[in-house]
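So Swiss-Prot lists these for the protein:
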- HIS20: active site, proton donor (ACT_SITE)
- ASP28, HIS106, TYR128, ALA129, ASN130: substrate binding site (BINDING)
Amino acid sequence: MKKGTVLNSDISSVISRLGHTDTLVVCDAGLPIPKSTTRIDMALTQGVPSFMQVLGVVTNEMQVEAAIIAEEIKQHNPQLHETLLTHLEQLQKHQGNTIEIRYTTHEQFKQQTAESQAVIRSGECSPYANIILCAGVTF
């Protein structure tokens, strides 16, 4: 049995294949996922698993250099936005690097998901609960 934090074989596999600056998306249940992009569907029912649960597991295993978030989250989901920023701050301390946070429009965000290695869909049902993680290096 794998000893690491990620037991899901699809998520573990995609993280292990990430190269520097490759991207991985963690999204809510409603984000449209391009047909050309690998979909890893974790959603069981509304809210299960939550966006933050999925993000926490992914970032325990993935070295993150930058994060892209839809600008609209600030207005339409401020509580999750604050939780997300706190998580990224803690991740910076744990990794020992600065994580650049970039904001974009939701429309541009959706277009960028097509270039990611995979999209991991959570059961989150709150607005703009999506993030694009850019892979860093551990050396």
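The backbone N, Cα and C atoms fix where each Cβ goes, glycine too.
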Excluding ASP28, HIS106, TYR128, ALA129, ASN130 themselves, which residues in that chain have a Cβ inside 8 Å of the centre of the Cβ atoms defining the substrate site?
CYS27, GLY30, LEU31, ALA70, GLU72, ILE73, ASN77, PHE109, GLU124, SER126, PRO127
Provide the three-state secondary structure of HIS106 (substrate binding site) computed with DSSP.
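Reduced to three states, the DSSP call for HIS106 (substrate binding site) is helix.
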Could you give the maximum C-alpha to C-alpha distance in Å for the residues ASP28, HIS106, TYR128, ALA129, ASN130 that bind substrate per the record?
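Pairwise Cα check on ASP28, HIS106, TYR128, ALA129, ASN130 gives a maximum of 13 Å.
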In the structure shown, which of the binding-site residues ASP28, HIS106, ASN130 has the fewest Cβ neighbours within 10 Å?
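Across ASP28, HIS106, ASN130, these binding-site residues, the one with fewest Cβ atoms within 10 Å is HIS106.
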May I ask which of the binding-site residues ASP28, HIS106, TYR128, ASN130 is closest to the residue listed as 'active site, proton donor' if we compare their C-alpha atoms?
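So, of the listed binding-site residues, the one sitting closest to the residue listed as 'active site, proton donor' is ASN130.
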Which chain-mates of ALA129 (substrate binding site) that are at least 6 residues away have a CB under 8 A from its CB, listed by sequence?
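Result: CYS27, ASP28, PHE51, ILE73, ASN77, LEU80, SER122.
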